[in-house]
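Student: Have a look at this one before I ask anything.
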């Protein structure tokens with residue numbers, strides 16, 4: 001008689017009679033089942049839970065080290081803000097050098113470097129060439145205004161600015177030829193990968209940091225407020241995640257939580273509104289700097305920093321409230337700092353995971369390297385510059401703008417001729 005399979009045999013996938021000596025599927029062999037896409041391994045959930053700051057056994061020690069480092073950095077930062085625009089620019093340059101050093105070292109291979117003497121020097125040649133190109137374009141106006149009192153120095157500086165692009169291009173071509181001449185047969189792949197890596201570093205560091213310097217000279221406010229919002233968002237996210245974080249936010253950064261992200265967003269928005277009002281009362285922060293001097297500043301704050309009164313409904317205790325127009329713009333900066341800028345940090349986290357290292361460096365105890373601290377700042381600096389140029393800066397021609405064009409494009413003799421021509425026109429008008 002044909003064998004009829006039982007219900008149990010059908011469930012286990014066995015067919016027909018069991019051969020003697022062969023273990024039964026229900027006893028000896030493990031039945032393989034396809035893992036469903038919705039099934040999450042328990043070890044993954046355990047790993048994500050263990051990575052949260054809430055479950056970190058050494059979190060208080062880590063927080064203490066991080067707090068001490070932050071206080072020291074904050075004290076130095078406040079001192080440089082007090083010293084002025086030129087010193088803040090110098091700080092940005094120093095940070096860039098540290099960042100470049102950290103990034104250059106990421107993909108270095110000691111064996112290859114020993115066979116290529118001078119190859120590291122080539123990286124720094126490209127670095128300082130990019131620095132001359134980026135800052136020369138942004139700070140030419142301030143440099144010319146600084147030396148107008150000295151005729152010889154003015155001519156020298158004007159010539160450097162006029163041929164700045166050619167000088168930078170020549171320096172870059174010199175580095176390019178240098179690279180070609182140093183190629184070695186067994187190191188082609190390593191050298192070309194380092195060449196591409198160097199250019200990526202220059203793009204990351206200077207394409208964003210040059211906007212930071214431009215923001216400084218438009219008024220320290222446009223540097224200080226965005227930078228402060230990123231720091232506040234970072235600190236708030238850390239503490240909200242430290243005490244309340246339970247829900248992982250993104251796999252690229254296991255210690256980030258939704259509680260930290262949302263708490264930091266609210267804190268950053270409120271801080272932006274309050275800080276804009278506080279900073280807007282100081283001309284040292286709001287006045288643009290037209291030269292490279294370090295003296296005190298006095299200027300008309302303009303309508304953006306002039307408080308306006310708003311009437312409140314009768315059921316509110318206060319009849320009116322005064323708000324600076326810049327505070328509404330600060331909300332836009334706060335929104336970007338809390339929602340978009342953190343993705344700069346996520347990008348850095350993904351990059352570190354791709355190359356299997358924890359931090360870009362160890363220059364700052366408890367924080368990692370300078371690149372670890374600047375990932376979100378670079379994204380924010382570009383947005384602050386573009387936002388200022390698009391929505392805040394007055395686009396109309398002014399006397400200062402015309403004078404700037406005259407100083408940049410006319411020689412000393414041509415400026416003298418222009419002065420005489422303007423004198424004649426004014427005399428005829430009278």
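Even glycines carry a Cβ here, placed using N, Cα and C.
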Student: Quick check on the annotations: TrEMBL lists transmembrane segment for one of 16-39, 160-183. Which range is it?
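Tutor: Of the candidate stretches, TrEMBL labels 160-183 as transmembrane segment.
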Student: Any idea which of 63-82, 283-302 is down as transmembrane segment in TrEMBL?
Tutor: 63-82
Student: Find the member of 63-82, 88-107, 119-140, 220-245, 326-348 that has more C-beta pairs under 8 Å to the transmembrane segment (195-214) than any other listed stretch.
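Tutor: Looking at each of 63-82, 88-107, 119-140, 220-245, 326-348 in turn, the most contacts to the transmembrane segment (195-214) are made by 119-140.
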Student: For the transmembrane segment (160-183), give me same-chain residues lying six or more residues beyond its boundaries with a C-beta closer than 8 angstroms to one of its C-beta atoms, as numbers and ranges.
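Tutor: Residues packing against the transmembrane segment (160-183) from afar: 116, 118-119, 122, 125-126, 129, 132-133, 136-137, 140, 143-144, 191, 195, 408.
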